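This report refers to the structure that appears directly beneath it.
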Amino acid sequence: MGQGGDSHNAGAGDPILTLAVEQDTVPWYKKRNLRYLYLMLVPTCMGIEITSGWDSGMINAVQIVPAWKTYFGHPAGALQGILAAMYSLGAICSLPIVPIVNDKLGRRWAIFIGSWIMIFGAILQGASNGVGMYLAARWFLGFGIPMCIVAASSLLGELGYPKERPILTSLFNASYFVGAILAAGITFGTQKISGDWSWRIPSLLQMAPSLFQVSLIFLIPESPRFLISKDRHEEARAILIKYHAEGDASSPLVNAEIAQIETTIKLELEASKRSWLDMLRTPGMRKRGKINIGRSCWDLVNGVTLALVVKRFRRRTMYLVCTCSLLVVYVGWTITQQQFLVTQKAALGNLVLFWIFLYSPCYNTGYNALTYTFLVELFPFAQRARGIAIFQFFGRGAGFFNTFVNPIGLDNIGWKYLITYCCWIAFEICVVYFLFPETSGRTLEELAFLFEDHALADKATAATDKQLHGGSITMNEIADKNEAVQVENKQVA
């Protein structure tokens, strides 16, 4: 195994709270408060990736709408690339302020502000009177999305009960495909409308998920970790008691969780100045419409399925399966594409479609199912917003490069352009094998000092252990508490 192999040999804390949580046998859907929380997290946090998926699905589908092409002068080449890439450029521009808003105002306000920016962008996009206004609209849409993504992915990980946290953060990325399906389907339907409304309607509807977020975001609690970092300990305690212990203030699990969070954040803030340098200091129109909808539905099915099984496999295993299978797909895709262009055989054309559809589950195994799960686990609270923002910077930068350069590269060298992806994926396999640490089977606080001195992790573990055992609290007592909750739920039912 590569040197990034196992968190047991690094600075990860002992999984004392993780083991305690495993004693909780009451499923989340039988806990009234936790059930309400998860229900509200769907439109307020998971719904944010619907906006990303909507943009991707719409900008691809709208380019085959005759009215859109006529209105914008049949864009091609560099203009076609920049129309799509402007979204990523807006995202890149917003990233320096994203951690500031998240860490100063909190996760909920970041989502609220970012959503209003996207609503403004969608209105501008639907009302565009030319290329310039359309580009500005897409820049605003891109500017707002990272603020929401960073906040929502963090909030899902920081509010979720430890048992369900990996699934919540994995489903976050999977909701992208819901937006892509809706956008592709609606654009496919509206193209039958004569005139500009065939593309203005889906453009305006891009604001729909953001309207849900601004309406509902303050109906869910703030991140307890953010509150503790601002010395609002009682508010944080009340949230954890309500949603993680169903109102039981004497819950040993919640007391241990609070002790772990407080100790870990205190140690983090003492060891960190919370600056950007800290990140370096510490190591046919109809057929195309149908294919777009079909591919998006397939993406959703395998994306959600993989998100739901994420707890069954180790993180490194899933990433290695993902990258190795992607290399196989791209090599096969490249060879098939070349042969199809030479022979024009229909069977080879179908095989190209096979590789395109196979790409989805291969990609989703790691880069969709685990992206925000891994990022939330990788970065401690003090650096989480900055860490995810840096990921967004490189991700959006790559997205800008790809959407701008891909049409040019494919026009100039055709299928040979795919070879660059084969080489890049081979490099990614090496990075995953040698550098990616294992983060599964730990709470966020147990992973906080993964790359630091083990002594810091030991301090946090000692504080948690004191709450669980020092006050005569045992695993049997935890089991008794869980049994009491089950009995209470049956009585309510």
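Even glycines carry a Cβ here, placed using N, Cα and C.
Transmembrane segment is the annotation TrEMBL gives to one range among 292-310, 368-386, 387-405, and that range is 387-405.
Contact check: the transmembrane segment (417-436) against the transmembrane segment (139-159) gives fewer than three Cβ pairs closer than 8 Å, residues 6 or more apart, which falls short of the contact criterion. For the transmembrane segment (201-220), the partner stretch with the highest count of Cβ pairs under 8 angstroms, out of 36-54, 109-127, 139-159, 317-335, 347-366, is 109-127.
Among the listed stretches 36-54, 74-97, 139-159, 347-366, 387-405, the one sharing the most Cβ pairs under 8 Å with the transmembrane segment (109-127) is 139-159.
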